[in-house]
Amino acid sequence: MKATRRPIQAVARWVRRQPPKMKAFLAVVSGLVALVFLRMVVRDHDNLFVAAEVVHSIGISVLIYKLMKEKTCAGLSLKSQELTAIFLAVRLYCSFVMEYDIHTLLDSATLLTTLWVIYMIRFKLRSSYMEGKDNFAIYYLVIPCAMLALYMHPRTHHNIINRICWAFCVYLESISVLPQLRVMQNTKIVEPFTAHYVFALGVARFLGCAHWVLQVLDTRGRLLTALGYGLWPLMVLLSEIVQTFILADFCYYYVKSVLGGQLVLRLPSGVV
């Protein structure tokens with residue numbers, strides 16, 4: 001096992017010494033390689049969306065276990081959970097009035113779970129909530145997303161209010177994890193269950209992004225035109241890519257920590 005870890009640790013040290021531009025380039029290359037691999041291995045790319053939902057559910061299960069068994073919410077961002085509840089509620093409304101399908105049921109279950117987590121943090125486990133560390137002002141996220149949605153939204157046959165709501169939840173979802181990353185940046189030490197939860201979010205969002213990108217390639221761009229015209233289709237794709245890369249740095253240190261046999265993740269300065 002030690003012999004296996006040595007080359008991995010050597011690569012990790014080499015990557016850590018690289019300048020930011022090189023790290024960004026390596027992240028892009030790694031993402032492209034992963035996309036090519038998924039395109040070769042997964043025949044029905046709709047399965048990637050299902051896989052993303054499954055991984056997200058696993059992450060939520062880990063979060064529930066932490067709250068129920070350990071009776072603490074230390075390290076969790078209440079603001080990220082509230083942002084998640086907001087975009088899920090808006091997306092659920094859009095699903096009901098625009099396209100009722102299996103995603104509506106999945107979003108309903110996720111929203112109920114998220115509301116339960118918010119209740120636990122606000123009331124049952126309030127004493128362990130790190131309010132001083134959870135200091136990201138969410139209006140810096142909500143207001144720009146709302147303004148962007150007013151300007152860039154789907155140009156489809158649906159009601160204008162519904163189209164703006166749809167755009168708002170897409171934009172807000174892509175950055176809803178930022179307060180959680182701020183908490184981890186402030187504490188520098190991330191306990192295992194929180195790290196597992198955030199890593200699951202990162203994997204789920206990568207799979208969701210891969211689903212969109214591969215669907216666009218499979219349809220030779222027709223999927224983008226099906227979403228409407230103008231800048232909206234590109235904004236959807238960009239939002240998927242942004243939410244993947246936001247968590248990429250954390251996921252790298254998570255994998256590095258797990259391979260090194262460390263249960264507690266220690267983040268260096270400047271990460272997330």
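In case you wondered, yes, glycine gets a Cβ from its N, Cα and C as well.
Listed features, source TrEMBL:
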TRANSMEM  24-42  transmembrane segment
TRANSMEM  48-68  transmembrane segment
TRANSMEM  104-125  transmembrane segment
TRANSMEM  137-154  transmembrane segment
TRANSMEM  160-181  transmembrane segment
TRANSMEM  193-214  transmembrane segment
TRANSMEM  234-255  transmembrane segment
| How about the transmembrane segment (104-125) and the transmembrane segment (137-154): at least 3 CB pairs under 8 Å, pairs 6 or more apart in sequence, or not? | no
| task | Report the listed stretch (48-68, 137-154, 160-181, 193-214) having the maximum count of Cβ pairs within less than 8 Å of the transmembrane segment (234-255). | result | 193-214
